[in-house]
Amino acid sequence: MNPNQKIITIGSVSLTIATACFLMQIAILATTVTLHFKQNECSIPANNQVVPCEPIVIERNITEIVYLNNTTIEKEICPEVVEYRNWSKPQCQITGFAPFSKDNSIRLSAGGDIWVTREPYVSCDPSKCYQFALGQGTTLDNKHSNGTIHDRIPHRTLLMNELGVPFHLGTKQVCIAWSSSSCHDGKAWLHVCVTGDDRNATASFIYDGMLVDSIGSWSQNILRTQESECVCINGTCTVVMTDGSASGRADTRILFIREGKIVHISPLSGSAQHIEECSCYPRYPNVRCVCRDNWKGSNRPVIDINMADYSIDSSYVCSGLVGDTPRNDDSSSSSNCRDPNNERGNPGVKGWAFDNGNDVWMGRTISKDSRSGYETFRVIGGWATANSKSQTNRQVIVDNNNWSGYSGIFSVESKSCINRCFYVELIRGRPQETRVWWTSNSIVVFCGTSGTYGTGSWPDGANINFMPI
C-alpha cells in the first residue's frame, strides 16, 4: 500500500469513528431531553392514564437524581394534591380519654422567661397540633405581670406554638387579640382576632398569614368569640361571635368565612337564650357547638350550624348532670333539652360536650361552686333524653384540691375516624392566690381512646411560694 492509500484509509477510518461519535452524542441528547420533559407527567398505574402536573399546587419540590453514563438527570416527583378538609369520616368510638400533652408553663416560669397567658386552646392542621393562648404582653417574672387578671388590654396578642412547647420568648405572636379563634381548612390557617375598645372593637380575619377581612362591633358591648378552634368544611370556616351583655340579652351571630373573606353572616335562632365561648366540632356535613349560657342556665346551650344553607338552630344539652359552673348539686340540677334551667346561670365558665348517639360525653369542674378540679364522663341518653342522669366512664383529670379553669374541644382526623380531644386551662395566681400579683395558666390535654386507661391527677403543679411575686 503506497503512502497515499494509507492516508486515505486512515482518513476514512477516522471519519467513520467521528460520525459514530456524533450519532451517539445525538442519541444521548435525545434521551436526556425526553427524560427531562417526562418529569411533567404523572402516570397512574390503575388505568394507565397520564395526568399533567401543571394544575397541581406544589408546596415543596422533591428532586430525584438519577445517574446514567455520567449524565445527571433531575426529575421532579409530582406531590400530593392539597385539599380542603371535609371531616366526612365517622366519629371514633371511645371508652374514655388518655393523657396526651402538658406544657408545665407555670412551673417553668419560676426560673425562665415564659409568657403570661390565659384563654388557651388547641387546634391541629392535617399533620400537627398547635397550642394557642392570649398573651398579656409580658413574661411572668416581669413587673408588667402585675394586674394581668384583666382580660382586655391593647397589648394582648394571640400566641402559637407546637403543642407541648411552652410560650417562650421566641414564640410567634400571630395577631393582636384579647379574644380569638383559629382553625386550618386543609390549606392554610385562619385566625379570628378581636381587639380594640370595649365599645367599638374590631375582629380581624387573617388567612395564610395575611389580613383578608375585618368586621367592627355591632352592639358596641365587647365583641368576642370562642376562645377555642373554629371549624372548616370544604373550604368554608364558621365561627360564633357575640356582642352585647355578658349577663343579659346579647346579639350572637354565626360567621362563614372562605379563605379569610366573610361570605355570610347568620343570626342566632332557636331556643338558646345566651351564647358565650362556644366549643365547636365538625359533625359532617355540618358543625355543632356547645357553649356557655352566662345569663339564665347552668345547662349548656347547643348550636347546630348548617354549612350548606347557613341556617342555624339552637337548644340545650339534655343531660340533667349539667356542665357549667356554678351549678346546683347533681340531685337537684335539671335540663329539658330546650330551655335554660334558670339554675345559677351567672357567671359560668367555658366548657365542652359532644354527642355520641343518644349519649353525651362531657367535662366539667368537680366543684359545683368554683373553678377547681376537673372530671369527664358519659351520660347515658344525655343527648336525647331530658334530665337524664345515668353517669358512666367517669375520670378525674384534675383533683378537687387544685385549680382548673376554661376547657374546650378540638378534633383530630385519623385514618378511619374523627377523634375528639379536650384541653383544660390550669389557672394560677389571682384571684384565688393573692400572694402574687399576676394571673396565668398552663394546660393539660387528653384525647379519646378506644383502649383501657388508669387513674391519676394532672394539676398545674407549681408551688406558689417558689414563684415570682
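Glycine is treated like the rest: Cβ placed from N, Cα and C.
With a cut-off of 8 Å between CB atoms and residues at least 6 apart in sequence, the same chain places Arg118, Trp178 near Asp151 (active site, proton donor/acceptor), listed in sequence order. Among the features that Swiss-Prot reports, active site, proton donor/acceptor is placed at Asp151, with the record citing sequence analysis.
Marked as N-linked glycosylation site by Swiss-Prot: Asn61 (among others).
According to Swiss-Prot, the N-linked glycosylation site annotation covers Asn69 (among others), on the basis of sequence analysis.
Among the features that Swiss-Prot reports, N-linked glycosylation site is placed at Asn70 (among others), with the record citing sequence analysis.
If you look up Swiss-Prot, you'll see Asn86 (among others) marked as N-linked glycosylation site, on the strength of sequence analysis. Mapped onto three states, the DSSP output places Asn86 (N-linked glycosylation site) in coil.
Residues or ranges marked as N-linked glycosylation site in Swiss-Prot: Asn146 (among others). Here the Cβ of Asn146 (N-linked glycosylation site) has 13 other Cβ atoms within 10 Å, regardless of which shown protein chain they belong to. Under the three-state DSSP scheme, Asn146 (N-linked glycosylation site) falls in the coil class.
Sequence-distant contacts (6 or more apart, same chain, Cβ under 8 Å) of Asn200 (N-linked glycosylation site) comprise Gly216, Ser217, Gln220. Sequence annotations record features per position, and here Swiss-Prot assigns N-linked glycosylation site to Asn200 (among others) based on sequence analysis.
Taken from Swiss-Prot, the feature N-linked glycosylation site applies to Asn234 (among others), supported by sequence analysis. Reduced to three states, the DSSP call for Asn234 (N-linked glycosylation site) is coil.
Under the heading N-linked glycosylation site, Swiss-Prot lists Asn402 (among others), citing sequence analysis as support. Listed in sequence order, Ser372, Gly373, Leu426, Ser457, Pro459, Asp460 are the same-chain residues six or more apart from Asn402 (N-linked glycosylation site) with CB atoms under 8 A from its CB. When secondary structure is read from DSSP and collapsed to three states, Asn402 (N-linked glycosylation site) falls in the strand class.
Marked as region 'Head of neuraminidase' by Swiss-Prot on the basis of sequence analysis: 91-469.
According to Swiss-Prot, the feature topological domain 'Intravirion' maps to 1-6. Taken together, the residues in the topological domain 'Intravirion' (1-6) have a mean pLDDT of 58 on the 0 to 100 scale.
According to Swiss-Prot, the feature transmembrane segment maps to 7-29, an assignment based on sequence analysis.
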* Sort out the sequence-distant neighbours of Asn234 (N-linked glycosylation site) for me: same chain, 6+ apart, CB within less than 8 Å of its CB, listed by position. => Tyr84, Arg85, Asn86, Met307
* Where Asp151 (active site, proton donor/acceptor) sits in the secondary structure, as DSSP reduces it to three classes -> coil
